[in-house]
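According to Swiss-Prot, the features are:
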type     : residues : note
COMPBIAS : 389-405  : compositional bias 'Basic and acidic residues'
REGION   : 386-405  : region 'Disordered'
TOPO_DOM : 1-43     : topological domain 'Cytoplasmic'
TOPO_DOM : 65-74    : topological domain 'Lumenal'
TOPO_DOM : 96-121   : topological domain 'Cytoplasmic'
TOPO_DOM : 165-171  : topological domain 'Cytoplasmic'
TOPO_DOM : 193-203  : topological domain 'Lumenal'
TOPO_DOM : 225-244  : topological domain 'Cytoplasmic'
TOPO_DOM : 266-281  : topological domain 'Lumenal'
TOPO_DOM : 303-322  : topological domain 'Cytoplasmic'
TOPO_DOM : 344-405  : topological domain 'Lumenal'
TRANSMEM : 44-64    : transmembrane segment
TRANSMEM : 75-95    : transmembrane segment
TRANSMEM : 122-142  : transmembrane segment
TRANSMEM : 144-164  : transmembrane segment
TRANSMEM : 172-192  : transmembrane segment
TRANSMEM : 204-224  : transmembrane segment
TRANSMEM : 245-265  : transmembrane segment
TRANSMEM : 282-302  : transmembrane segment
TRANSMEM : 323-343  : transmembrane segment
Amino acid sequence: MQRNGVMECSVCHSKVVAPSPRSVSRAYDKHRSKISSKYRALNFLLVSGDCILVGLQPILVFMSKVDGKFQFSPISVNFLTEVTKVIFAIVMLIIQSRKQKVGEKPLLSLSTFVQAARNNALLAVPALLYAINNYLKFIMQLYFSPATVKMLSNLKVLVIAILLKFIMRRKFSIIQWEALALLLIGISVNQLSSIPDGTKSFGLAVTTIAYIYTLIFVTVPSLASVYNEYALKSQFDTSIYLQNLFLYGYGAIFNFLGILGTVIFQGPESFDILQGHSRATMFLICNNAAQGILSSFFFKYADTILKKYSSTVATIFTGLASAAFLGHTLTVNFLLGISIVFISMHQFFSPLAKVKDDKPAGALEPEDAQNHRSSDSSFVNMTAGAADDASHLTSTDERKPLLPI
């Protein structure tokens with residue numbers, strides 16, 4: 001339980017100072033500085049898998065449409081995806097619990113589950129935002145081609161960087177901000193003349209509706225990703241599968257509420273969550289589940305910026321695959337935009353672009369110094385009190401022991 005910046009254990013009632021966003025960021029930076037070649041290989045596998053899964057996602061969505069429309073409810077796909085991820089998290093928890101050493105706190109105990117649920121309650125926020133975003137993914141396919149959707153999603157990098165700066169106190173160099181500006185230029189180049197003029201939908205110009213959905217499509221998942229990263233890293237010692245169980249459980253609840261809302265407005269016949277599904281939608285559900293699981297590893301062991309930049313690499317795969325299988329044309333604007341995006345990515349992750357810490361290694365920030373001084377003063381008061389008690393006991397009865405026997 002957290003009150004006034006202090007966390008209290010529900011078991012032993014001990015109190016510690018709650019981690020601030022900046023302290024979470026510093027703790028992660030310290031963990032990252034000790035990263036080994038094994039973790040670097042893990043990051044490479046995560047990026048490779050993410051490129052394939054993210055690249056396949058819009059293509060599977062496009063293949064799921066019949067005559068340009070979805071015969072199934074997008075909310076049902078999101079619900080089945082969350083259920084799939086919950087099952088995966090439970091299976092991995094069982095496997096991990098069987099590999100625990102003697103003396104370790106059991107993962108499947110009720111006390112561990114309840115305590116972890118309290119500590120990870122913040123995961124409900126990104127779960128709700130993800131539920132909204134997953135529905136927007138289907139809406140975006142009605143206005144843009146798969147390759148264009150992937151390019152639009154790259155706009156999230158800039159929004160994520162801004163949110164990381166204010167929420168997690170992350171620092172970016174001028175070169176990295178310039179790299180993000182290059183990313184926006186590359187996306188803008190790809191978007192030139194990408195939407196036909198004069199097309200109407202819902203009585204408005206398609207460009208107007210598309211831009212409104214794009215704004216929501218970029219902001220909502222960016223906020224979800226940053227909050228997800230903060231929630232996972234703030235409880236770094238908690239098993240990622242246990243955290244995923246809460247995250248996906250919340251997501252399944254929110255999507256089920258969406259299904260109930262659909263039943264209220266469209267009638268009981270819409271409650272059939274398997275209605276209109278095909279083999280393509282089953283692949284889509286598996287792809288979305290695998291993509292969400294990979295994202296959790298990115299957020300906990302890497303960072304959100306790397307996750308979004310890895311998604312830009314998937315744009316090439318998406319563009320080539322959509323041109324080969326769906327007949328979409330790769331324009332000059334698209335090729336130029338991709339080139340600028342890769343220049344931006346190289347510049348952002350260049351060693352010269354890293355932020356240099358001006359403070360000495362042993363220096364403390366004001367917040368840390370204050371906590372350090374308060375700890376020292378508390379220790380002095382504690383030792384002084386102990387000395388007073390000792391002198392009091394000695395004057396009363398020198399033969400009486402200080403500690404109970």
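Glycine residues also receive a Cβ, built from the backbone N, Cα and C atoms like all the rest.
From a predicted model like this one, the values you see are computed outputs, not experimental measurements.
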Summary of DSSP states over the topological domain 'Cytoplasmic' (96-121), given as helix, strand and coil counts: 14 helix, 0 strand, 12 coil
Listed stretch, out of 44-64, 172-192, 282-302, 323-343, that has the most CB pairs under 8 angstroms to the transmembrane segment (75-95): 282-302
Top partner of the transmembrane segment (282-302) among 44-64, 122-142, 172-192 - counted as Cβ pairs under 8 Å: 44-64
Chain residues in Cβ proximity to the transmembrane segment (245-265) (below 8 Å; excluding those fewer than six residues from its ends, i.e. six or more beyond): 73, 75-76, 78-79, 82-83, 85-86, 89-90, 93, 116-117, 120, 123-124, 126-128, 130-131, 134-135, 228, 271, 273, 292, 296
Folded-back contacts onto the transmembrane segment (44-64), same chain, C-beta under 8 angstroms, at least six residues removed: 70, 72, 137-138, 141, 146-147, 149-150, 278, 280-281, 283-284, 287-288, 290-291, 294-295, 297-298, 302, 306-307, 310-311, 313-318, 321-322, 325-326
Chain residues outside the topological domain 'Cytoplasmic' (303-322) and at least six past its termini with a C-beta under 8 angstroms from it: 28, 43, 46-47, 50-56, 58-59, 62, 145-147, 150-151, 153-154, 156-157, 160-161, 164, 183, 225-226, 229, 295, 328, 330, 334, 338, 341-342, 345, 348-349
The topological domain 'Cytoplasmic' (303-322) - residue tally per DSSP class, helix then strand then coil: 19 helix, 0 strand, 1 coil
